[in-house]
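As structure tokens, the structure follows; a few thoughts come after it.
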Amino acid sequence: MMPLVPLLLVSIVFPGIQATQLTRCELTEKLKELDGYRDISMSEWICTLFHTSGLDTKITVNNNGSTEYGIFQISDKLWCVSKQNPQSKNICDTPCENFLDDNLTDDVKCAMKILDKEGIDHWLAHKPLCSENLEQWVCKK
């Protein structure tokens, strides 16, 4: 019984650090607006985001002096503004913390801006991992 106490204490003290990993089907529903945008299929998106963030909406990654946020790993160097990087260009005009929730509306709008400016290869996982053989990424209900 004693080893359970520290685990319980950690889950009470740090409830906000729990990851929210979406399934392919959940993500397909949330990303409807992106399907076919700039000729990128939903299966390409699911594959790319799986290899970018593990489909985790709350993930942050520190990367060469900037931080990347959420399922799309949106950087505070250019796309959003954070406390750590208040000098960001903030092209998406959004606080980075907004990309760490399960409401993907603002994430999708920013992803569309990134796509318009840089294309799908902005997400480095796309070209080597998500350019072909995408059947496994389709939502099958």
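Even glycines carry a Cβ here, placed using N, Cα and C.
What Swiss-Prot says about this one:
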{"type": "SIGNAL", "residues": "1-19", "note": "signal peptide"}
{"type": "DOMAIN", "residues": "20-141", "note": "domain 'C-type lysozyme'"}
{"type": "DISULFID", "residues": "CYS25-CYS139", "note": "disulfide bond"}
{"type": "DISULFID", "residues": "CYS47-CYS130", "note": "disulfide bond"}
{"type": "CARBOHYD", "residues": "ASN64", "note": "N-linked glycosylation site"}
{"type": "DISULFID", "residues": "CYS80-CYS96", "note": "disulfide bond"}
{"type": "DISULFID", "residues": "CYS92-CYS110", "note": "disulfide bond"}
{"type": "BINDING", "residues": "ASP101, ASP106, ASP107", "note": "Ca(2+) binding site"}
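Positions of Swiss-Prot features highlighted on the structure.
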residue: CYS25; record: disulfide bond; Cβ neighbours (10 Å): 13
residue: CYS47; record: disulfide bond; Cβ neighbours (10 Å): 22
residue: ASN64; record: N-linked glycosylation site; Cβ neighbours (10 Å): 6
residue: CYS80; record: disulfide bond; Cβ neighbours (10 Å): 28
residue: CYS92; record: disulfide bond; Cβ neighbours (10 Å): 23
residue: CYS96; record: disulfide bond; Cβ neighbours (10 Å): 26
residue: ASP101; record: Ca(2+) binding site; Cβ neighbours (10 Å): 14
residue: ASP106; record: Ca(2+) binding site; Cβ neighbours (10 Å): 18
residue: CYS110; record: disulfide bond; Cβ neighbours (10 Å): 24
residue: CYS139; record: disulfide bond; Cβ neighbours (10 Å): 14
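A simple way to gauge crowding: the CB of CYS130 (disulfide bond) has 24 other CB atoms within 10 angstroms, across all the protein chains here. A Cβ within 8 Å of the Cβ centre of ASP101, ASP106, ASP107, the residues given for Ca(2+), is found for these other residues of the same chain: THR57, GLY70, THR94, ASN98, PHE99, LEU100, ASN103, LEU104, THR105, VAL108, CYS110.
Cα separation, CYS92 (disulfide bond) to ASP106 (Ca(2+) binding site), rounded: 9 Å. Checked against CYS80 (disulfide bond), the recorded positions CYS25, ASP101, ASP106, CYS110 differ in C-alpha distance, with CYS110 being the nearest. Rounded to a whole number, the C-alpha distance linking CYS96 (disulfide bond) with CYS25 (disulfide bond) is 25 angstrom.
Put simply, ASP107 (Ca(2+) binding site) is 17 Å from CYS47 (disulfide bond) when counted between their Cα atoms. Close to ASP107 (Ca(2+) binding site) in the fold, though at least 6 residues off in sequence, lie GLY70, ILE71, PHE72, ILE74, ASN98, PHE99, each with a CB less than 8 Å from its CB. Mean model confidence for the domain 'C-type lysozyme' (20-141) is a pLDDT of 96. Cα-Cα distance from the residue listed as 'N-linked glycosylation site' to CYS130 (disulfide bond): 25 Å (rounded to the nearest whole number). CYS130 (disulfide bond) sits 24 Å from ASP106 (Ca(2+) binding site), taking the Cα positions as reference.
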